[in-house]
Ligand code: PNS
């Protein structure tokens, strides 16, 4: 047996990055689909200190851990820095992103090309389930803040967290 074989087969890894403030059913759909395509999916909350979230990074991580527990091959963590550095540190060659509509495409393409130019990491776009093509964390937060029904757009645990946060206001 040579040295390489003793390390076992290389796991195919991908990352699903985002702010996840909070995780929605749209995010979960992409994570679930990525988890079928890769051995390990790293769901990473990218920390952006200039953007104040509704939920703290720790709260977002906890919600993500609970709602992705059923997949078995999803690891949830946060990172402060460039996404390509997160990928380099963990030897991850692929970023998986959902594309909701043409309006997402311009910026996503720019980021994909920048990330590829910086480090060679590839971005794979997954077409969002049309049920969630209008869905974003920002809209969920706005509708929930005004008492609108978002129960069909987020997992029950997230709905509970949103309701609790708004009761605290
Ligand atoms: O959920 P979001 O806010 O649409 O996610 C955007 C995110 C966090 C994936 C993107 O802003 C990002 O990758 N930020 C990390 C910093 C970075 O690498 N910036 C250069 C992008 S080319």
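The backbone N, Cα and C atoms fix where each Cβ goes, and this holds for glycine too.
Per TrEMBL, the features are:
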DOMAIN    15-142  domain 'Cytidyltransferase-like'
BINDING   19, 51, 83, 97  substrate binding site
BINDING   19, 20, 27, 98, 99, 100, 108, 132, 133, 134, 135, 136, 137, 138  ATP binding site
SITE      27  site 'Transition state stabilizer'
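Close to ligand 1, meaning a Cβ under 6 Å from one of its atoms, is not one of the binding-site residues 51, 97, 99, 108, 137.
The binding-site residues near residue 97 (substrate binding site), taking a 10 angstroms Cα-Cα threshold over the set 27, 133, 135, 137, are 27. Under the three-state DSSP scheme, residue 19 (substrate binding site) falls in the coil class. Within its own chain, residue 137 (ATP binding site) has 19, 20, 21, 22, 23, 24, 27 as residues 6 or more apart in sequence whose C-beta sits under 8 angstroms from its own. Listed in sequence order, 105, 108, 125, 126, 127, 128 are the same-chain residues six or more apart from residue 99 (ATP binding site) with CB atoms under 8 A from its CB.
Predicted-model confidence for the domain 'Cytidyltransferase-like' (15-142) is 97, expressed as mean pLDDT.
Its Cβ taken as reference, residue 97 (substrate binding site) is surrounded by 19 other Cβ atoms within 10 Å in the chains shown.
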